[in-house]
Amino acid sequence: MMTGGPPRRPCAGALLLPLAAAVAVVLSSCCCHGASAAASFGDNFEITGAEDHVKTSADGQTWYLYLDNKTGVGFQTKQRYLFGWFSMKLKLVGNDSAGVVTAYYMCSDVDAAPLRDELDFEFLGNRSGEPYIIQTNVYHNGVGGREMRHSLWFDPTADFHTYAILWNPKHIVFFVDKVAIRVYPNDASKPGGGGGSGFFPISKPMYIFSSIWNADDWATRGGLEKTDWSRAPFVSSYRDFAADACAWPAAGGPPACAAATGDSWWDQPPAWALDAGQRLDNAWVARNLLIYDYCDDRKRFPTPPEECALRDAAATTAS
């Protein structure tokens, strides 16, 4: 298991600054020390799929996944985790990537098991000159449909950027370069801290995965834009994986850290809610970068799912 400290974030309200200045503040950060990684990818991950579609830098610190018209490829951690902080730096496929999806996610099973828990980052490819879309989703006991889509305030193909998930019994937070783009709350009033609420993944340890694959039936403009295979191979790049988390043993019962003891920073009160600066940044993202929110989709959900009311109540209280 790789360890680090609590997430760094931009100074309070950093994203309320003009965009160029905001990006500089986000990348420089100011408040907390960040997670770090020292081991090679091979120490933490194993390849799933065609091994000849993965290349590694000479120092073992960077992996490159290749997609062509024959196959894609992926990798997964050797270890499962229950709660913690998980981050990775990614550089996405550049130029015309329509139809291509790069996924970075957590899942309780190594396949699409019907009762799986899952936390998703999905990066939806684009036609040249169009912005990338980042889709996040949450599954609990096989029930998903909790999609949100955002645009980004930078070009994710030009350099590496950090994508992270904070998961504890109180909430799940999706971070991009230390900015909380999405908060998925739990209902602390329910027995077991929300374990029986039906919408929050709280009991199943998860692996961390990534993959690159062809999804031109839906990924770009709802499937209107098809993958241009003359531009293959499509390459996504990864480095600096870090997990400060509760590692689940290969055999035996749950570890002590799974009992939410509060011994780790990610299971202490400062990590149970966004701080004032993070709330400002999250509100800026919601106003300026949000493309789709399932909580507002009355065709799919005439009555918003339960966690939507929790999120709205938390936002009202914070403001």
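Cβ atoms are placed via backbone N, Cα and C, with glycine included.
Per TrEMBL, active site, nucleophile is recorded for GLU118. Annotated active site, proton donor per TrEMBL: GLU122, in sequence order. The feature domain 'GH16' is assigned by TrEMBL to 10-238. Residues or ranges marked as N-linked glycosylation site by TrEMBL: ASN126. Annotated signal peptide per TrEMBL: 1-37, in sequence order.
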Average pLDDT across the domain 'GH16' (10-238), rounded to a whole number: 84
Other CB atoms within 10 A, centred on GLU118 (active site, nucleophile): 21
Proximal but sequence-remote residues of the same chain as ASN126 (N-linked glycosylation site) (Cβ under 8 Å, at least 6 apart): ASP96, SER97, ALA98, TYR132, ILE133, THR220
